[in-house]
């Protein structure tokens, strides 16, 4: 692939760059953290508001998201073919990808199937590369005009119903990267990663549908479905680690909390209850920075 990816985006930053610029790596959970879906489907989000939220509307919104996610996966991301071949990240099979030009490649005629041998791993690697290229283009280049309107209308409806949960989460990820005026860029660099317990392809579809593709690149999305979150955290540390790197995990579950403790990373727990200390809207970069300072300044003193 001829596309040049910035070194920091791939974790191949030079030691000199890492020495000069503090690198902050934010590891976000997806479901019930950056987005709300399960709690909409089962009514628990509405239930937390003691009758102030319409539970039937919550379930309806959740079902519409489920349908849209599955439609995107099946029609554009080869999901019917590759559903049973989950990988933890999009570049996991890059060693099998010979870089062939896929412009005129006929995916329907290449007979991808079991057994999961080297030949079929190459075919899956091609599909992963094609998915990554579609992700980079964005949904406006993939969906027709009608579906773009359906998608954007559903996003707006959901954001309104959840009091701005989706847009405020996106804004925080922008600020984490220094993209927002509220968090002007200094001499530091930042990276957003997502580690989700969902399988990889639907998780990438969610990133696109929930407007996260401009703040999280496809190669920074990890599925812990088979390997667990601790393993994903270890991979991220190996990929980005350096003499001046700080990590922070943000999520709603016990697994990511335990994994962060093992890694000695700060962890911020997200909850959707209205009186929760950390939720969206609400969580901001000064709070995230405070959590990081407590852990890393303590570590530097101990060291």
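Backbone N, Cα and C define each Cβ position, glycine as well.
Per TrEMBL, the features are as follows:
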type	residues	note
ACT_SITE	29	active site, nucleophile
ACT_SITE	31	active site, proton donor
BINDING	29, 31, 252	Mg(2+) binding site
Listed in sequence order, residues not in 29, 31, 252 with Cβ within 8 Å of the centre of the Mg(2+) site Cβ atoms: 30, 32, 33, 34, 196, 197, 251, 253, 256, 270
The one of 29, 31, 252 whose CB sees the fewest other CB atoms within 10 Å, among these recorded positions: 31
C-alpha spacing of residue 252 (Mg(2+) binding site) relative to residue 31 (active site, proton donor), in angstrom: 8
Residue 29 (active site, nucleophile) and residue 252 (Mg(2+) binding site), Cα-Cα, nearest whole angstrom: 7
